[in-house]
């Protein structure tokens, strides 16, 4: 309470200062930022909406012959883990090899008896592990995915002892597949166009790659039921028709297993769109639960025609529980499912206000939001970070499904898009998701192809750009006086530079 | 290009210009030419937008609420395994979980049917493979159970049935698969394989010795007999095979969860079932549930809000700390919500704690921080609707208990993974968690008694949960409001406030 009193006192002092509004805001926000920083250092809690349930870093080790989907899985898993808030990075051994051996000649490099190549490959593995160390100890990484064949027991044993030494947990992901069609498809999709085969035609590349696989087959020892019974792993058979899971140690491994068991490679498209323009959109107000404007209805009708034209097989349509998405879906003439989880971000006390009104009534909140839009939580409302956690079951079900149209809202669509396009939490709140536009996302190779389709019905623009940081007066360099409280003590928080400091959760601080 | 134009327009002048333009251009647009979009109405109880019935009187089939079990096909879960492998434990636990998340589920235990048919159990001889009479009866019982399964899934609105029996022969499983196909049910097998004699002996002690079958035996006799019973099954046991059964959907649980084999998961509900089964364990532990200490708003009789502890609340927190210390719990995890009152309470327990937003109290929307008297005054209709169906009722701009359960599912999943945990939460949240552990229905859930300053210690035992209630001897207001007799929307204020507990 002493904290609150002095905060209010300072705020009042600042308010009655010169009438320069931006300066006032920045000073109060600096104070709030300083308080937040103080709180971050001294209070025993994390500011995320879900507790951070890992202690030791986790090393995920891929296992499998070439063209078994290891890199596909690595990248997808990494994208998912980053999105749900676990800093994760892929370390692809092929990349290290390409950096070491500038030009790839042919499969002979991978022959078991090619001693020189073996040395290089071992050195690359060693470098990758070193980089993993740095990622964990210096870059705050929590999960590293070691993407390589790791097909011999010897190699795996050395990785396990490396991890044990450093205190990392190890989780193996093995992909086993003997279906020649799937393998051929993989090679065509991602190998033929790899930098290794930049000067070859398709047939040459295919033939060489198949010989490459043969090189590994001779020494391939899959994870064994008996010998490896003390390791933690998941074995994926035939692109997911069967799984063997052994010794899941903790929360993150359990989540990884659940995710891997829900993804598939069947071709499909995901359509994302916002509801049609709403009455509140027209008034420039955020949130609320209004109906569609006439243009919004027009858009919804166009959306219906567009979908019919696309001739999509077995399309599922999802909406939120809010009137505007449901009204939009009503025009489509197909069954739809309502998800509460798809509701727009709750703006709490700012619901149904215009940005001008927010600036007027809650200027410090408005500033804090601009400083860290991802983590900022509206008083009595939510943050983008909260949204991501709310949307995780939607993502999981999107992974399970095939063709889906999601009719949602601006902040929600940004979160879903960030997941599908691997955007950082920094970029996420500023992704452009205009009204009356359908985004069609089709998984291709290791990523997602995106088509942007504007359905030719005008609408207001609801996008607020990231504000530009002014040098000098808005620089984050406050000197807060040391104030003594009965039980607490405030330390001067001086930090330099205009870096995007993580400032958020003002109401938690005041608590 | 369009986006850029729109952006440019709005940058030049604030919203006004854009609005004016928008309104003008929206006047230019003709009326929607699609006569098909239906008018929406908001259901007053759940605050869900639904289309009004079609003009020709047909009920709308177009929309559905996101439920867990989105398949039209009901699912038949079939357990497989020798006796004392945890099949009934898994069946009951899974049933409890599925019902809690809103999937109507029921278990059908063939052993129960057998006990009703053969009133008195003599000995293991009943289960000998060469006991023709025994075999006949057992077959009849299985058929009777399957019949009830069909009735439950096809006629009574059940979505999942758990067929709990040994089902150790391929022949038996083929019969069941055929039965399911005939009736349009999906089948998912759950096999439990375990050869650890210690685990098996422990199972027998925990649940078999106390079974009605062994009412008149002493421990050694019962043990002996049961072991011979298992042997009767062992010879004909055909485990689910990787090759032979590759088209079946199943999970094989090996050694109480050390290993899992998962094959051909067909849909969402099976995926959830697999995830759940892979997260549960049987290591002995206790879960402590309590509310925050009495808060300032509690004292005033107000709901919701984010106030701090009252002096009595602070005292409770101190006693809670002492109590936890005295319990000498190994590796206790403490969880709180992100609301001030639970965090203040946790501060007194000198163990690091983790905050979960999912543990926040139910959002009362427009009724936040009101007293019941004020709710009755300003929103008498809402107040009555809430009493009519407290589980499904959603506060305007707020949540329902049903929403809470969905929000709490990840908490439950993590509670299953963990061992000793103390959860400091709120009244509605605690009711939801308690309903999960004690298998309470949606009707009972919102009226479970969760008084302030009382710790509930839950310890899994046999097929259920032992509950110890420990009142920490610090007085507090009562915040429990029973369902009043009159829930009619036209009731008097007096009737509405009949059961409101006393406050300042």
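Glycine too: its Cβ is placed from the backbone N, Cα and C atoms.
Among the features that TrEMBL reports, domain '6-phosphofructo-2-kinase' is placed at B:70-284.
Residues or ranges marked as substrate binding site in TrEMBL: B:291, B:292, B:293, B:294, B:295, B:296, B:297, B:298, B:341. Listed in sequence order, the residues of the same chain lying 6 or more apart from residue B:341 (substrate binding site) and placing their CB within less than 8 Å of its CB are B:292, B:293, B:295, B:306, B:307, B:308, B:309, B:313.
Residues or ranges marked as active site, tele-phosphohistidine intermediate by TrEMBL: B:292. Look at residue B:292 (active site, tele-phosphohistidine intermediate): DSSP puts it in coil.
The C-beta environment of residue B:361 (active site, proton donor/acceptor), restricted to residues of the same chain at least 6 apart in sequence and closer than 8 Å, consists of B:304, B:337, B:339, B:425, B:426, B:427, B:428, B:429. In the three-state DSSP scheme, residue B:361 (active site, proton donor/acceptor) falls into the coil class. The feature active site, proton donor/acceptor is assigned by TrEMBL to B:361.
Largest Cα-to-Cα span within the substrate-binding set B:291, B:292, B:293, B:294, B:295, B:296, B:297, B:298, B:341: 14 Å. Averaged across the domain '6-phosphofructo-2-kinase' (B:70-284), pLDDT for the predicted model comes to 94. The number of other Cβ atoms within 10 Å of the Cβ belonging to residue B:292 (active site, tele-phosphohistidine intermediate), over all protein chains shown, comes to 30. For the recorded substrate site, residues B:291, B:292, B:293, B:294, B:295, B:296, B:297, B:298, B:341 set the reference point as the centre of their Cβ atoms, and the other residues of that chain within 8 Å of it by Cβ are B:299, B:307, B:308, B:309, B:310, B:313, B:452.
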